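J.: Handing you a structure now.
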Amino acid sequence: MLTHGIKTYPMINPLHWGYNATVDQMASETGTVSLPLKDGKDPVDLSQFVSEHVPALKDGAQFQLDPKLFTGILQTMYLSAADYSKTFPVFYGREIVQFEDGVCTADWVRSDWSSKYKLNQTTGKFDKAAFDADEKETHPEGWPRLQPRTRYMSETEKAETLSDERPIVIIMHGLAGGSHEPIIRSIATHISQMDGGKFQVVVLNTRGCARSKITTHALFTGLHTGDIEHFALREKARFPERNLYAVGCSFGALMLANYLGRVGDKTPLKAAMCVSAPWDMVLSAEKLQNDFWSRNLFSKTITQFLVRLVKVNMGELEVPEGTTPETPPTVEHPVFYTFTQSNLKKAFQMRKIIEFDNMFTAPCLGFASGMDYYREASPLNLIDKISIPLVALNAKDDPVVGDVAIPQQYLNKNGNVLLCESDLGGHVAYLQSDGDSWASKSIAQFFSEFDKNVV
């Protein structure tokens, strides 16, 4: 357990190690929301539905992780450091999504490209010459080169994608990540292959991430959820009768939970999942500052990911030295006035995420410090406003978020939220001996069963 403001000794927590993991379901003491079922079956509550239809997530369920990765630290490090280049060979077709205040990118899973480019599922090899030729034809001028097996779609291909009427699962990635992350490709693979390809799958990239460009003078924050809001509304408007779902990982889970809490019953989503969400950002920040392993193995790496993201996008973000805001910044009207070359130079020496947020995020939103920003951006603040079934998946040995997910007093506020907390799994990892993630399989099964059975 994290002690506020006290640095922990450099030891692996003996309470959370091993490879035989157990799930503990937690929910409101008054029960979870009742779900109406198809075919005239009697309604069941969310907890019972998950236990019956996704047995991997039932209370007391056990699963086995890779014995070599016997702590959350090892799980998390392996996920970020191992060579997954030939694993989960997903093809993405990129769309530049236009909003009133700029653009983001959406990477649509194109399962049909596996045959088009003659993908060998075993070796990961494909007709790269043909793919590169098509990529050259569709790549917009001035935009960065994309990750492997990802290219911009032609207008014809985009029209095909946007005329698809299948139910959609929207995936939201982690901090400074994107559709190329191994865990995101794993989730996309499992969902897109469920039930013979019943789902359309898309990864909504945060602005400036996944080699996309920031086109306005603004960087993403945990409090700005307009992109997922407008994208979901756009997709629902195209085919109002189809179902929409979403899953977020890490910071993407934070943004998804904040979005759901902010819009309440106005969301077009039918159900959602949050994986390794930092529900209390203050506790997570203290974990990364005060825990020996978290501080030395993860904090600097994550911080420098963010710094490089700023560097890549300085063409849009940069302001002259000495710039001051004409009006006081607020969350509703941010002023990104600290993105100077001198501050960027200082940022390359940063080792803690809170140093980054103290300099770049908090002042631009009108907060006095990163901690003030974290208090405001924590999804626990809005958990009582979430209006759709939400399954939260967290691990007690998470070295980034910490071992406190959703306290019982917050679960009591909302029967729509079901917490499935495992003792092992790390941060968005849950890696098994086959190299795949137990979480990805469970996520895909939840959406499949929900879409098949719930009205």
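Just so it is clear, glycine is given a Cβ too, placed from its N, Cα and C backbone atoms.
Residues or ranges marked as domain 'AB hydrolase-1' by TrEMBL: 167-432. Here TrEMBL flags SER250, ASP398, HIS427 as active site, charge relay system.
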J.: From the Cα of ASP398 (active site, charge relay system) across to the Cα of SER250 (active site, charge relay system), what is the distance in angstrom?
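T.: It is 11 Å, counting Cα to Cα.
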J.: Given a separation of at least six residues and a C-beta threshold under 8 Å, show me what packs close to HIS427 (active site, charge relay system) in the same chain.
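T.: The answer is GLY72, GLN75, THR76, LEU79, SER250, SER276, ALA395, ASP398, PRO399, VAL400, VAL401.
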J.: Out of SER250, ASP398, which of the active-site residues has the smallest number of neighbouring Cβ atoms within 10 Å?
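T.: Each of the active-site residues SER250, ASP398 was scored; lowest Cβ tally within 10 Å is SER250.
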J.: What average pLDDT does the predicted model assign to the domain 'AB hydrolase-1' (167-432)?
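T.: So the average pLDDT across the domain 'AB hydrolase-1' (167-432) works out to 95.
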